[in-house]
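What follows is one structure encoded as structure tokens, with my remarks underneath.
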Amino acid sequence: MALDLRTIFQCEPSENNLGSENSAFQQSQGPAVQREEGISEFSRMVLNSFQDSNNSYARQELQRLYRIFHSWLQPEKHSKDEIISLLVLEQFMIGGHCNDKAGVKEKWKSSGKNLERFIEDLTDDSINPPALVHVHMQGQEALFSEDMPLRDVIVHLTKQVNAQTTREANMGTPSQTSQDTSLETGQGYEDEQDGWNSSLKTTQVNENITNQGDQIVSLIIIQEENSPRPEEGGVSSDNPYNSKRAELVTARSQEGSINGITFQGVPMVMGAGCISQPEQSSPESALTHQSNEGNSTCEVHQKGSHGVRKSYKCEECPKVFKYLCHLLAHQRRHRNERPFVCPECQKGFFQISDLRVHQIIHTGKKPFTCSICKKSFSHKTNLRSHERIHTGEKPYTCPFCKTSYRQSSTYHRHMRTHEKITVPSVPSTPEAS
């Protein structure tokens, strides 16, 4: 404990610490903290317990910490609320989510060192929100905050698994096996329109939960990390394993329970990942585009005993897929399952890449700027469409009337006008009558 406190107080120079400015506090209307209670009483009790001890270092260390806390919090001058405000602010600064400590200090000063006014003026620009973690479990998947306890994640996904099992039993469809689920973990998501790539970290957690026969639930935890894409038209020669990796982990709970384990506390064992290309399909056969997917590393487990590549056909449409993970992602569209939910507006999406594109709207950020008129856009596709105004480019040409359009939406709207044109009927002949 002493080591942790020493680390806290030595992380910044004393003149820059908020505690050095406590002399400017105005006396609050609340009751003052007496020396006989609170930190003073606690520290004195701890010090007295070491009076008869031969360990002089422990006594000196506690005395030093007592002087630091007493000098910082000044309980004879400040009220309980002021002391609590200082402790709350200090914890906020060292909690790991604050990315602009200097800005937070300035806002603390401008608020008159009043916690309520400080909270009202504080914006999300000064903090890093918890990352979202993409979790697979027995065919079910969803996004969770990285701070969410693992117990809550498993309980939530277990309910989804039970609901799907009941639904499949009513429909007479066999439930998905764990072997099929293991193949799904290799899916890599890449959005061709929003200008971002996903580097996926795959983590497998086996937790022993005491629910209905103490069965072991298998979790696949994939943490999303966004990295800028190469410039359009460029080709990256990097090995996929340099930017994408899988982390396999096995964690078993004691006595069949999980005591609030978070994702950060799970031990990791590094291993090779299984990264695939974006979803591709063909109405005829998957063999027609095998040569275009030679960079995929998910070919393991996809071949039969004689080396013949196995394909996966959708039972509801003619599409065929090379990889099971692509088929499972495609089937979500038939079932209208949208497991990736925006935490802001609760809107659901089929793929994680679609959710990432949508979340830019809530941030209000417009990182894509036109080099000519300096107008900013939230998505790269909107910037490309806008740049065609300056260049005069109209890449979408109607095959019937040869009219060109700048935007695909306008082009498709025009094509629907041709579909409404009816083919003139052939006049009847005397023989036909």
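Cβ coordinates come from backbone N, Cα and C, glycine included.
Listed ranges 207-229, 368-390; the one Swiss-Prot annotates as zinc finger is 368-390.
Over the zinc finger (396-418) the predicted model carries a mean pLDDT of 89. Under DSSP, the residues of the zinc finger (340-362) split into helix, strand and coil as follows: 11 helix, 4 strand, 8 coil. Summarised by DSSP class, the composition of the zinc finger (396-418) is 11 helix, 4 strand, 8 coil.
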